[in-house]
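Under the heading ATP binding site, Swiss-Prot lists G11, M12, S13, G14, A15, G16, K17, S18. Feature annotation from Swiss-Prot assigns GTP binding site to D62, I63, R64, G65; the stated evidence is sequence analysis.
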Amino acid sequence: MILLETVIVTGMSGAGKSLAIRAFEDMGFFCIDNLPPQFLPKIAELASASNDKISRIAAVIDIRGGELFDDFKDVLNDLKKGTYNFKVLFLDAHDNVLVQRYKETRRKHPLSFESDGSILEAIQKEREKLEDIKRYADFIIDTSTLSPRDLKEKLFEIFSAQRSRETMLITVMSFGFKYGLPLDADLVFDVRFIPNPFYVEELKHKTGKEKEVKEYVLKWDVTKEFLKKLFDLILFLIPNYAEEGKAQLVIAIGCTGGKHRSVTIAEELFELIKNNGYKASIFHRDIEKDIKG
């Protein structure tokens, strides 16, 4: 009998759970939306007894469940005590992005009745309710800057049947502090102490992926010393995180605008991780935004 694989999809309203569940359908999962958490163990039990007709389940559990959602944490604790093979996926986005999405779709937030119709207040109330649940997440995806296609590709990367379930998913990303911290980062490194190519006229409109910018960023003694210490730390952490059972590791490198220094350092770190035999992906979150350094 195949061990049932279950993905619990949760997170902020407006962060993309509906898009996610459609992506899971495309991957061959049996999908359920707006499932009361108390029903999950029974459904997993029935699926396990289906003679392998159902081997993968994805279920969305969120605050639409009302009072039933209050037992979600207890259900997760009970599942952890059992033999269930499950992962928790938490989708998140910055508050201003969620507000904008609600305005564009003209839909009501599930907690709008508790907040006198204020979308932002409803989002903040939901964030408080989900604070403890987020700690159970095996995977956290910040969808603030992701298109529907980007999100689908990210989910395929994590959950496709071809990916080894024993492999920790490592993502190296660059970002600009002026656009906000990435919500899904496990480790954040600030490289704004490195001399900034933005103030070199011939480099201002290039990115950290281009040779001239790379050479500028990497030539400084402070950069060389930082990379040595960073490489030692990351190569120490990866096997220890994997041993602990961590499923996802997101390493974020930030500079002011996310186009120059952070991009170069992220590229260097990505190559180091690959060259040491680990599977990794790289994502430059803000590289296409207006150049401000």
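Even glycines carry a Cβ here, placed using N, Cα and C.
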Binding-site residues listed as G11, G14, G16, G65, least Cβ neighbours within 10 Å: G65
Among S13, G16, S18, which are recorded as binding-site residues, the nearest neighbour of I63 (GTP binding site) by Cα: S13
M12, G14, A15, G16, K17, S18 screened against G65 (GTP binding site), Cα within 10 Å - retained binding-site residues: none
In three-state DSSP terms, the structure that S18 (ATP binding site) belongs to: helix
Proximal but sequence-remote residues of the same chain as K17 (ATP binding site) (Cβ under 8 Å, at least 6 apart): V9, T10, G11, V60, D62, L91
Cβ atoms near D62 (GTP binding site) (within 10 Å, other residues, all chains): 24
For M12 (ATP binding site): intrachain residues, at least 6 apart, with Cβ closer than 8 Å: L91, D92, A93, L98, I123, E126, R127, L130
Cβ-Cβ neighbours of S18 (ATP binding site) (radius 10 Å): 13
A15, I63 as binding-site residues, winner by CB count within 10 A: A15
Mapped DSSP class for G11 (ATP binding site), helix or strand or coil: strand
Residue, out of the binding-site residues S13, R64, whose Cβ gathers the largest set of other Cβ atoms within 10 Å: S13
Cα separation, R64 (GTP binding site) to S13 (ATP binding site) (Å, whole number): 9
